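Heads up: the structure comes next, in structure tokens.
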Amino acid sequence: MRSHYCGDLRASHDGETVELCGWVSRRRDHGGVIFLDLRDRNGLVQVVFDPDTVDAFALADKVRSEYVVRLSGRVRMRDESVRNNKMATGDIEVLGKELTILNEAETPPFELDAHSAAGEEVRLKYRYMDLRRPDVLKNFQFRSRLTHVVRAFLEGEGFMDVETPILTRATPEGARDYLVPSRTHPGSFFALPQSPQLFKQLLMVAGFDRYYQIAKCFRDEDLRADRQPEFTQIDLEASFVEEEDIMGITERMVRSVFKELLSVDLPDFPRMPFSEAMQRFGSDKPDLRIALELIDIADLLAGVDFKVFSGPANDPKGRVAAMRVPGGCSLSRKDIDGYTKFVSIYGAKGLAYIKVNDLAAGAEGLQSPILKFLTEDAIKGILERTGAETGDLIFFGADKAKIVNEALGALRVKVGHDLNLVEGEWAPLWVVDFPMFEEDEGQYHALHHPFTMPSCSAEELKSNPGEALSRAYDMVLNGTELGGGSIRIHSPAMQRTVFEALGISDEEAEEKFGFLLDGLKYGAPPHGGLAFGLDRMVMLMTGCESIRDVIAFPKTQTAACTMTNAPSPVDNKQLREVGVQVRKEEG
């Protein structure tokens, strides 16, 4: 039906007759001449109809925004005075000769330009219209190019693209599963996979050596901002590898993606132990573009009478930390109150601070409600250890270590952006040496997942599980976890030891993971892998603010689709066929 895409026409096509199809982006009537801006996937071109082409002119007079048309005409150069440098096709226009209206369109529910003020709710309800907007469309063109580069790279590294099941069995991987009732096995359920983890490990047992997949994953998580119940991973696994092998392959892959799509040469990927990341930045995914750091000062405050500080300072599970903000004296009382409210989200009971108005003036040059509770030596020690200078502000966190890390870690990022303290565009790193487990109310939980190989022997793991480190590694970029992976357990005995540390009995392990344990008995090779969040990678690289901007048909923050009204009730006949009865909520 067409010879060219609208957005592909250039001065080199001058004089050619072309056939175009697309949507009418705008119609203008200028003194008896009608101009149509015709849009397709590749861009926009101006088409001119004059009264000499009687039939086509009459139809052009009828068309309105978003009508679908087909036309033919001759490409010609625009007069220099009316050329549009803001359009890729701005040097030329098409003199229309024939026009066919393929479909009419109602008035769109919102403007389809980049400056549309439409809210997200209406945009998601009419998502197919929202996707017509050029600034939205370009995100998906970028995403398509990214997956193409990834596939080409991994194929070149000897990885095979293998699809794993979508209907599988429920296995505890951290979040709740989406369950699918089986009609042919009444009372039994499939689960949608949270990841291809166990299947890709079994592909290594099968001898596939190198596997990858652009995999759809599902997690029925509690509602959180910018999380999606279904998301896409770049998933890979390889046999006969150690950490350096997987990290090397994936680092080269990410470098290749950035080079080909953004013409960016990423800086070095430093390695940082988990413990150092938490100590310095309060986060296991620190944004290294922000120079602010958390500095331990518990030893300086353990003896003060101020229990807010001395309590956590003397608590083995507590932490007292300071964060120096260069130029922070400019923050107003209102600003500080706002930050105090912000850290309360993370459980902090308050936010102490000291303003260093004049370092040379000693105590007279400091401003803070807490100065009266601190000794002269403590104040001097804090100023020296933080490297405070005139004009700086020091924030403090004192509580359980988890609360201090989360509160000051989040505050560090917020203050860094608010005060324009972000330096550089890209700051990647590897976080390594993660704890094997985290403890909650006396129960151990896998920090990553229970199939991660520990760095120690089975005997050492049994004797001191709380101190065990794992052979896990996370790739972090600008404070976002791009991907996480590990060397996996390939020994049935070690796998049972880890299950035991997690409180999973032999019976439960056999019932839930028997197929994996069986597979490990038949010559499982050493293997490891990593999974990247494709959606987040695209979001970061395109500069989008929300992950929903890079998913074609995303769910809302309440895990619903306003376009299709999913999830929705189903009729009783369908429920009976799968043996499900819906319990009505009481009250």
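Including glycine, each Cβ sits where the backbone N, Cα and C put it.
Looking at 153-156, 197-200, 361-364, the range tied to region 'Aspartate' in Swiss-Prot is 197-200. Binding of ATP is attributed by Swiss-Prot to R219, D220, E221, E481, G533, L534, D535, R536, and within the candidate set Q228, Q495 the record adds Q228 to that site.
When the Cα positions of R219, D220, E221, Q228, E481, G533, L534, D535, R536 are compared pair by pair, the longest gap among these ATP-binding residues is 20 Å. Residue pair R488 (L-aspartate binding site) / E481 (ATP binding site) shows a Cα separation of 20 Å. The secondary structure of L534 (ATP binding site), as reduced to three states from DSSP, is helical. Residues within less than 8 Å, Cβ to Cβ, of R536 (ATP binding site) and separated from it by at least 6 positions along the same chain comprise T480, E481, L482, I547. Around E221 (ATP binding site), the same-chain residues at least 6 positions away in sequence with a Cβ under 8 Å from its Cβ are A175, R176, R227, P229. H30 (site 'Important for tRNA non-discrimination') has a Cβ environment of 8 other Cβ atoms inside 10 Å.
Summary for the binding-site residues R219, H448, R488: the Cβ-based neighbour count within 10 Å is maximal at R488.
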